[in-house]
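> Got a structure for you, questions after.
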Amino acid sequence: MYDLLKTIDDPADLRRLDRRQLQPLADELRAFVLDSVSKTGGHLSSNLGTVELTIALHYVFNTPNDRIVWDVGHQTYPHKILTGRRDQMHSLRQYDGISGFPRRSESEYDTFGTAHSSTSISAALGMAIGSQLNGDDRFSIAVIGDGAMTAGMAFEAMNNAGVSEDAKLLVILNDNDMSISPPVGALNRHLARLMSGRFYAAARAGVERVLSVAPPVLELARKLEEHAKGMVVPATLFEEFGFNYIGPIDGHDLDSLIPTLQNIRELRGPQFLHVVTKKGQGYKLAEADPVLYHGPGKFNPAEGIKPSTTPAKKTYTQVFGEWLCDEAERDTRVVGITPAMREGSGMVEFEKRFKDRYYDVGIAEQHAVTFAGGLATEGLKPVVAIYSTFLQRAYDQLIHDVALQNLPVVFAIDRAGLVGADGATHAGAYDLAFMRCIPNMTIMAASDENECRQMLHTALQQPNPTAVRYPRGAGTGVATVKEFTEIPLGKGEVRRRTSQPEGKRVAILAFGTMVAPSLAAAEELDATVANMRFVKPVDAALVRELAETHDYVVTVEEGCVMGGAGSACVEALMESGVIRPVLQLGLPDLFIDHGDPAKLLSQCGLDGAGIAKSIRERFLNPAADVAGQAKRVA
């Protein structure tokens, strides 16, 4: 099994194969990807669709001297397998294992780290120009999906690249969402080879030089050329950016891919190759339902993904989806917006029931936020469902287009905190810090499912921009209450009171997901716990009351410490004039790797045991007190 694949330890081994061996290799590689992902979980459909393209790129180009940048990066499992990581695939997305995305520190073949979309063309262009300036002769290749091409950044890069006439740059559009079959067969294959050949490029340049003295004739020639292409391929705007457009070609046909790429390798200037692939290629269940098999957990490939037979706790994403439908049913002004995350954000049912008020704007976070602001000016109630990590991409719009004008937009921020297997690129670590400094913002953090529902309802009633953050995955098991209750603005609640004597009283001010582990720590230490609820405006009165009645104050949040919720509490204490020792707990000042979320939180000291340990070591350890006193005396 995998007889050919076992011989490939790097692309140099691949390039030694005979062309006739490549399709059998592709079959083995596809089977290996399916087997690996079924055991570890991960992205499947997209990787099954890029097998032949990956083989062709490494076969034709001299990687790693030639650079390949994979947009988004979740389709790079075949690339990882062919570049020396075949025997590490069992650790994919596991703690201390290899990443599910390209990572420069992991391999020299991962030339640029990706995970967010639409960055590849900019990076590849920078590499191409950098190589020129350094006097290096190498190709830079960006592989980008049709979804990622909807983002403005991709077109900004195209616009810049088109004027770089000598750059050895290739942009490959991996089009896996075409509604019609790609043109295939001898004629299309011949056209792709012709359009990528040196004769075509040279002839075209020569004709343009000759006809430049007669602009009307040149324009006619251009129109005739475009019309000739249009008879066989889709009309293209890419040549308007200065690219030579080639395709579309079948991205699963190595006999088409390889000669086309070989021709392109001999050209200079920006080239654009349009390949058509199929998500889930070669695995019928994934072909039939690529969304279901986009990012599955472990499963049996022979049986496919089976519905769980054990009752599961409701996820926060489900809580949001149900809330949005309930609010839309009550109020026709409610509008739902998502930047290409319908399933991930829990908006499938909303789209079905309220299609005229559902807007999937594509991978366009900046547009989504400003679009919501425009809706708000017309008296509508826009709700932007967005992952914490992707809201970062629309920071200027959040400030300039929404908060500055104090527009009532609700931000439902999913995947707040650590996200597990996707790792640092997708962690929602920064939203509290980057939103808290924005005037007019109200920010809430949910501690359980029902509180999340009521916070979302509260947010919808506010006359200003309001954010509710909640984590990925299942909640605590708390039932949601159908009736809505508006939470008093800026008010937290005490969930547990200490019975400790003076001198040992600890108050834990917990935010969102950290309420439950803080309560666990408090049981061990006999501490007071407050569910702060609001990060902005923080409950300054509650902060002062607890500081005045306790000896030590601890803040706990699942976000970066610097500038976060704990900082809000410290600022409130300073404003009140109450001086108390404060311990701020949260995510450390580093990018936290992928792994099991519970294990990662434990590693960060943010489970019950870790919180108790930190408090004990800082405030309640007699040995530490004695050492501290001795140090002060000295």
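Numbers here mean position along the shown chain, with the first residue as 1.
Cβ atoms here come from the backbone N, Cα and C positions, even for glycine.
What Swiss-Prot lists as thiamine diphosphate binding site is His74, Ala115, His116, Ser117, Gly147, Ala148, Asn176, Tyr283, Glu365, and the listing cites sequence analysis. Under the heading Mg(2+) binding site, Swiss-Prot lists Asp146, Asn176.
Burial and contacts for the listed features, if you can.
Counting only residues at least six positions away in the same chain, the Cβ atoms of Val72, Thr389, Phe390, Arg393, Thr425 sit under 8 Å from the Cβ of His116 (thiamine diphosphate binding site).
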> If you run the three-state DSSP split on Gly147 (thiamine diphosphate binding site), which class comes out?
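For Gly147 (thiamine diphosphate binding site) - judged by DSSP and reduced to three states - the answer is coil.
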> Would you identify which of the binding-site residues Asp146, Glu365 has the most other C-beta atoms lying within 10 angstroms of its C-beta?
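Comparing the binding-site residues Asp146, Glu365, the most crowded Cβ belongs to Glu365.
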> Any idea what the Cα distance is from His74 (thiamine diphosphate binding site) over to Asp146 (Mg(2+) binding site), rounded to a whole Å?
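Cα to Cα, His74 (thiamine diphosphate binding site) and Asp146 (Mg(2+) binding site) are separated by 14 Å.
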> Over the residue list His74, Ala115, His116, Ser117, Gly147, Ala148, Asn176, Tyr283, Glu365, recorded for thiamine diphosphate, what is the maximum interresidue Cα distance in Å?
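Binding-site diameter by Cα atoms for thiamine diphosphate: 32 Å.
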> Tell me which residues of the chain lie with their Cβ under 8 angstroms from that of Gly147 (thiamine diphosphate binding site), as long as they are six or more apart in sequence?
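Those within reach of Gly147 (thiamine diphosphate binding site), by Cβ under 8 Å and sequence separation of 6 or more, are Ser117, Asp177, Ala340, Gly362, Ile363.
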